[in-house]
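Going by TrEMBL, these are the annotated features:
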DOMAIN    A:13-209  domain 'Glutamine amidotransferase'
ACT_SITE  A:Cys88  active site, nucleophile
ACT_SITE  A:His193  active site
ACT_SITE  A:Glu195  active site
Amino acid sequence: MALTVLVDYDSGNLHSAEKAFQRMAAEVDAGEILVSGRPEDVARADRIVLPGDGAFPACRTALGEHGGLFEAIEESVRRQGRPFMGICVGMQMMASWGREYTDTPGFDWVGGEVTRITPSDSALKVPHMGWNDLVIDNPHPVLDGVQTGDHAYFVHSYAFRVANPVERLAHVDYGGDITAIIGTANMVGTQFHPEKSQATGLRIIANFLRWKP
Amino acid sequence: MLKTRIIPCLDVADGRVVKGVNFVNLIDAGDPVEAAKAYDAAGADELTFLDIHATHENRGTMFDLVTRTAEQCFMPLTVGGGVRTPEDVRALLLAGADKVSFNSAAVADPDVVARSADRFGSQCIVVAIDAKTVSPGKWEIFTHGGRKPTGVDAIEFARTVAAKGAGEILLTSMDRDGTKGGYNLPLTRAIADAVSIPVIASGGVGTLDHLVEGVTEGHASAVLAASIFHFGTYTIGEAKAHMAAAGIPMRLT
């Protein structure tokens, strides 16, 4: 049976992500969902999901402390080509650099850097928190059925500036463009929380579980 | 464009909704999970559970409730009431809460906000401020359900917790709470303009125009209400349509 591992590295709330992936895995017959922080589970996973809340450097450190988790993900995703989905800070980890507090290298799968949101309108609050409408930049199988104007739930103070526009699949407007979805080869990432984004989010999860890059 | 959020708040005691929720189609009007599912289906933007009799003994009931809600509602859930330590935050996050709200504990020791935000991120740390007017243009924080004055200035405290890493402020006017006379707009605006983090207006909603005013005059990023929704006076959809007609960007579903 196919196995999707939600990587647990003590960053944030995995329960709601687990329940959303379980619900959609049952619907599209995508096999088992396992929450695990063990590199050996990542190594045997058919799909990998990296959630994440909190600060970029703390998440990067936590991945490094879990007995080779960072390396296991790198091996499985980059070299074995397994489908990967990053969520929130898990998506930001795909960047070359995180500029939160200090300069921290990420997986460097998608060129660009993660920097603090600075809305052009100073009345706009940071964190960018709430529902914002997606603008699709580039079509992608994981966005099947998702349209410009659909809403997703965001909570973040830092955003991913993607170097190559082809790899930015969708953005939202918040006093300037904020990257919402990225994708390249076998990897996708969402800045928003699909597990909190009601029907739109569940559809993206289902699409990911069916995706054969 | 970011949309203004409408947040129904359920007061919970011993795992049951206090006063109940008066919707048709609810199998059990006192079951918070049933109410949460109804609000999810109705297009609420977030949901808040407030444990109003939070004691050590009944924490297990709340965790169970949060877990069962997170299994069925794929929308943001904030939980407050009796949260004292970063360990309490962790336990509620693990149960399935998305945000956790501090109240009295943050007044007693604002550093608990910093310790929690450092560990779990600002995005999940809410500070609930209950304020009362003490003189024109001056508001003081009260704890213990509005009974205990603290001598702490509400605006200063809002600035403090924002600097300590709170991601959001849930501001309740104790003067207005339960009156249906509308939010305390000068208080809401004073706090919203004093901090760079989002402020949720709470306390006093009786009409849909009150929701509009909370945003246009109070500068709130989100509006919280309880009884007007629970008792079926207005639906979430009616509230959103009314706010959208007033020119406020809303997520219409």
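Residue numbering: from 1, along the chain as shown.
Each residue, glycine too, has its Cβ placed from N, Cα and C.
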For A:His193 (active site), nearby residues of its own chain (Cβ under 8 Å, 6 or more apart in sequence): A:Ala17, A:Ile87, A:Cys88, A:Ala152, A:Tyr153, A:Phe154, A:Val155, A:Gly201
Candidates A:Cys88, A:Glu195: member of the active-site residues with the richest Cβ shell (10 Å): A:Glu195
Rounded mean pLDDT for the residues that make up the domain 'Glutamine amidotransferase' (A:13-209): 95
Mapped DSSP class for the residue listed as 'active site, nucleophile', helix or strand or coil: coil
